[in-house]
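Here's the structure, in structure tokens; my notes come after.
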Amino acid sequence: MDLTRIKNPTFLKQLNTEELELLAGEIRQFLIEKLSVTGGHLGANLGVVELTLALHKQFNSPEDKLIFDVGHQSYIHKMLTGRTEQFDTLRQYKGLCGFPKMTESEHDVWETGHSSTSLSAAMGMAIARDMKQANNYVVPIIGDGALTGGMALEALNHIGHEKKNITVILNDNEMSIAGNVGALHNALGRMRSAGKYNRVKDELEILLKRIPAVGGMIAQTAERVKDSMKYFMVPGMLFEEFGFTYFGPVDGHDFKDLEENIAYAKKTQGPVLVHVITQKGKGYYPAESDKKDKWHGVGPYKIDSGEKIKPANSAPAWSQVVSDTLENIAGKDERLAVITPAMILGSKLDKFQEKYPDRLFDVGIAEQHATTLSAGLATQGMKPFLAIYSTFLQRAYDQLVHDVCRQNLNVAFGIDRAGLVGADGETHQGVFDIAFLRHLPNMVIMMPKDENECQHMVNTAISYNEGPIAVRFPRGNGLGVEMDQELKTLPIGQWEVLKQGTDAVILTFGTTIAMSLAASEFMQKQGVQVEVINARFIKPLDEQILHDRMRKNIPILTVEEAVLKGGFGSAILEFAEENNYHPQIKRMGIPDRYIEHGNVKELLEEIDLTKEQIVVELKKLLAVSNDKQKRHDE
Ligand SMILES: Cc1ncc(C[n+]2csc(CCOP(=O)(O)OP(=O)(O)O)c2C)c(N)n1
Ligand SMILES: CC(=O)[C@@H](O)[C@H](O)COP(=O)(O)O
Ligand SMILES: [Mg+2]
């Protein structure tokens, strides 16, 4: 079938099992081909082809609300809702988003990207439905990994209490990005092996109803028998205790099983949970057989061999530099414990885990727990290093404020994916961490200019014992610089002059150093000497340098790949105001809006965070400054 002709999912209602199976095969083939060029979350999507088809056949989207948790597995949903022909632009600039996006389709009723929000959103939609006395279905689809997120458990608790009609589809593939972890994961494992329960319960109820209620004794005893059997037989007892009717485990690749159980669930009053067992990567051997992550998220690859097409850059990944440094230090510092909230592979910590299995803690998708656990570790004299993406650290704001910084605990944060991340887009850009960390008392924030300075900053963070400290670093690979053999500790708050100059100064750090140096070189050719300083400590500031430059009234340009509001540039403005200086200051960075997906270069150009714009801003600064000087001299 020509998949690009699918405009909406209603046609599915006419298809029988064989036709659905045929369609599933075509969709799988389409995804394998398209993503071999664009990359994307192949493994997760290959696992939900049948499930998504069955859901769109059984429910009437968008009246019925299909809510995809994390949303990385919504490609089939997008294909069924008229977006197949956009897949050549998947996760590209101005192209198809890799997560649900309301502006793309009315069928995308909730936007995700961060995990574990679907049940709470579903509860909100169910309450609204009931207040409006409507009767649509609300159907969150949540993975076994996302279910380990605290929000999901908060929502289960509330939904079960309110007994709202919500049909939760648990997509259980035993995987998070890597293998799933946690007691809940183990409980799901028991449920997977427990076999069918629902029909047994129904048959039992039919049998019990046939027993003549002699004086009620038999019926009461029979009821007790049923309930006690329930404890032994209900694989989903955990969910039944939460007030849900549990259906499953259901074969997530068998249309008959899927449709039968979804139909059952639709007829059931109150909260329902359908436990669907799927296989991540299904239908593509290189993904299915992958031991690490079942091709959760991949770049381009060769279809026949499954060989991944590596990008040219041979420099080590920033995450690898951090992980290797942790490994180096772990051998010398018994206090070190490394914590990751379900990102062991993204943070390149698998090798560390092999070498130090007792000092690496994967807590699941639980950033709040990870942060306060780290704080608890620090109270006992240990040195926790929390490896966490900038965007996911947002989940733990109060733990930062209330547990870590207020108690001034020695927690080190390795803030990965700091800055624009590119293809994952607005839900994942790591651009807010400076703004939400800088105003926290006691917090130290630094960012390295290259991998060599990165290893020294990791070492500095671990040897620092005066409170919380964060080293932030970007997604991707480093610059390929020479690495020192000996680790150093950097003096806290000390900046580094990279290029001398007296006419203006650029204060910058991390990924915007290169464009700043290039702009300064360009200005030098025009006879203007622009100093470039590596402001590698975002907090505390290098006050000695600032007093010196501001006293001389040198125009200052700050450049950062982070939000302007509350960012590093704001700190410079605050310093001038607090010390009664009045230099010309201009800030460059991320504007006050969300930055969508695309490659980082395109995104930087979109927001004018470029060498060319730095030159423009420098010229404007100098013009104003010269004018001021002229008026002053007259
Ligand atoms: C708050 C948050 N933390 C971490 C992630 C990174 N992440 C994306 S998908 C994923 C695993 C999700 O597992 P599951 O829900 O089982 O979905 P599957 O990929 O197995 O289909 C993780 C940890 C995220 N998106 N959001
Ligand atoms: C969907 C999700 O949140 C993760 O899969 C994320 O996309 C990983 O990002 P990296 O590719 O930067 O590790
Ligand atoms: Mg999973």
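Heads up, the Cβ atoms here are built off N, Cα and C, so glycines get one too.
No curator has checked TrEMBL annotations; they are predicted automatically.
Quick caveat, the model's predicted, so the values are computed rather than measured.
Binding of thiamine diphosphate is attributed by TrEMBL to HIS72, GLY113, HIS114, SER115, GLY145, ALA146, ASN173, TYR284, and within the candidate set GLU367, GLU451, GLU453, GLU466 the record adds GLU367 to that site. Filtering HIS72, HIS114, GLU367 by Cβ distance to ligand 3 (under 6 A) retains none of these binding-site residues.
Maximum intra-site Cα distance, thiamine diphosphate binding residues HIS72, GLY113, HIS114, SER115, GLY145, ALA146, ASN173, TYR284, GLU367: 32 Å. In this structure the C-alpha atoms belonging to ASP144 (Mg(2+) binding site) and ASN173 (thiamine diphosphate binding site) are separated by 7 Å.
DSSP assigns ASN173 (thiamine diphosphate binding site) to coil in the three-state reduction, outside any helix or strand. Comparing the binding-site residues ASP144, GLU367 on other C-beta atoms within 10 angstroms of each C-beta gives the minimum for ASP144.
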